[in-house]
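J.: Okay, handing you the structure first.
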């Protein structure tokens, strides 16, 4: 089993400091949404993020990168064989558990709407089956709850190795960062296995794809 953990993901609802901003409220009215139930999205709110959090507008409000990664993970052979579990840990210490049967909407706007519903209801079901669930949980608490043989961290400053050199058939928890720049907010210093798989910067979905595909090869699916 591969547990793919996207840690410190920049996925959040509108922060309290921004709730009364006239521009944000106009955007909410345009979407016919309550301001406090909207997901922060820098694609539309870049200027507002920069206004309230100077220097963070390239990092915060990035549900788009989570969407791309989940499209890859949920459609993978590994997931279709029920050997992948995907978790989104957010900057505010929520954990979203993605059921293997869940398929992401093909439309990005529908994805945003789905996750806005999740933040409001804390669970999304279909025909009695849980597709998505959300709960308060820190990264170390999530790791503690998983049955695994090893925990690995993908990090630009980790030991440079090909995935085939450290991915095995064991049950592995693989942590990748859910942000486009900067470093982990959570304390990951106690994770002994830290690896870098490429000399240059990669997108989080590229890293996720390499890890998933390498695990598929290791267990003989490819």
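Each residue, glycine too, has its Cβ placed from N, Cα and C.
What Swiss-Prot shows for this protein is this:
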BINDING   177, 182, 197, 198, 199, 200, 201, 202  S-adenosyl-L-methionine binding site
SITE      62  site 'Interaction with substrate rRNA'
SITE      64  site 'Stabilizes Arg-62'
SITE      103  site 'Interaction with substrate rRNA'
SITE      106  site 'Interaction with substrate rRNA'
SITE      110  site 'Interaction with substrate rRNA'
J.: To the nearest whole angstrom, state the Cα distance for the pair residue 201 (S-adenosyl-L-methionine binding site) and residue 62 (site 'Interaction with substrate rRNA').
T.: 17
J.: Can you give the largest Cα to Cα distance in Å, as a whole number, for the residues 177, 182, 197, 198, 199, 200, 201, 202 that bind S-adenosyl-L-methionine in the record?
T.: 18
J.: Name the residue among the recorded positions 64, 200, 201 whose Cβ has the smallest number of other Cβ atoms within 10 Å.
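T.: If we count Cβ atoms within 10 Å for the recorded positions 64, 200, 201, the smallest count is at 200.
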J.: Given the binding-site residues 177, 182, and counting only Cβ atoms in the protein chains shown, which has the most within 10 Å of its Cβ?
T.: 177
J.: Using a 10 Å radius around each Cβ and all protein chains in view, which of these recorded positions has the most neighbours: 62, 103, 110, 199?
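T.: Selected residue: 62.
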J.: What does DSSP say about residue 177 (S-adenosyl-L-methionine binding site): helix, strand or coil?
T.: strand
J.: Provide the number of Cβ atoms within 10 Å of the Cβ of residue 198 (S-adenosyl-L-methionine binding site), excluding the reference atom itself.
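T.: Step by step: centre on the Cβ of residue 198 (S-adenosyl-L-methionine binding site), count other Cβ atoms within 10 Å, giving 14.
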J.: State the count of C-beta atoms found within 10 angstroms of the C-beta of residue 106 (site 'Interaction with substrate rRNA'), not counting that atom itself.
T.: 8
J.: Fewest other Cβ atoms within 10 Å: which of the binding-site residues 197, 202 wins that one? Let me know.
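T.: So among 197, 202, the binding-site residues given, the one with the fewest Cβ atoms within 10 Å is 202.
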